[in-house]
């Protein structure tokens, strides 16, 4: 319950009893004025405080318990003896009933010492010159039970309950804020995995509060909340997330399979395990980490070292070792039959061996 509800209850508990007191004062003043107006009729006793002129247009008379009331019959009668009064219970009222409580004088009904049971409808009947009736409602204010004290007690009890509930809520909120601030301070003092655990505890402890409580919480923990958010961001970047990493790795593997990118580390092993091809050439990928040759033309390509590496497809022919030996034997046999060309054949044989050796190395 909010603070303005407490203030409203407090104001109501003060205004209601004051209204009862003011009503009693106004009623007593009205009674005294009406008694002065009714003083023209000398036949009325001086104890009557209300006259027939006090009723309103809807023929209702309001009287306080313990006072006396005079009700006038507004019908025209040739003789006052022809006027008869009856209450709401149907009893005929005269001076003989209840020890002179009701007194009929001319066309007036005087009720002394009005009680709460006297409330109801009072009707006067006229028999001459014509038969007619006139009714007046009497309402009695109940004051013997002291209702003002009753209302004051009820309002005080309601205000006390409201005050206790608000104080309890404020104490709980203050305790919660202290615990939250303590948890944030412990978060700043911890390191590693415990920091993440403290972050979860703080997240559980921060409630979802609206209106003024949110503003109060923001004012109390504004700076530390910003620090906490910054530390959480740094912690989220440093702590690995296994499911996310596995998903990224699976995505990268699918991408590698789609573009068929070979791993340079496994390239040498794949070349060794690959069987020798026949005379038809195959396409091989040259390892970019291979050293440059010591040829004289290599110095002219020093400027290409800083350029981005590119893949070059080279078509080569690979021969088996048995084929190489047979070719070598045939070349040696031919050298015996042609001695004049011994020097040229030897040079061609050496060049062929060097080429075969380089091809086997590749």
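Any Cβ shown, glycine's included, is placed from N, Cα and C.
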Candidate annotated as N-linked glycosylation site in Swiss-Prot, where the set is 36, 166: 36
Swiss-Prot annotation of region 'Disordered' - which of the ranges 231-274, 319-362 it falls on: 319-362
Number of Cβ atoms other than its own within 10 Å, given for residue 124 (disulfide bond): 24
Mapped DSSP class for residue 124 (disulfide bond), helix or strand or coil: strand
DSSP three-state assignment (helix, strand or coil) for residue 73 (disulfide bond): coil
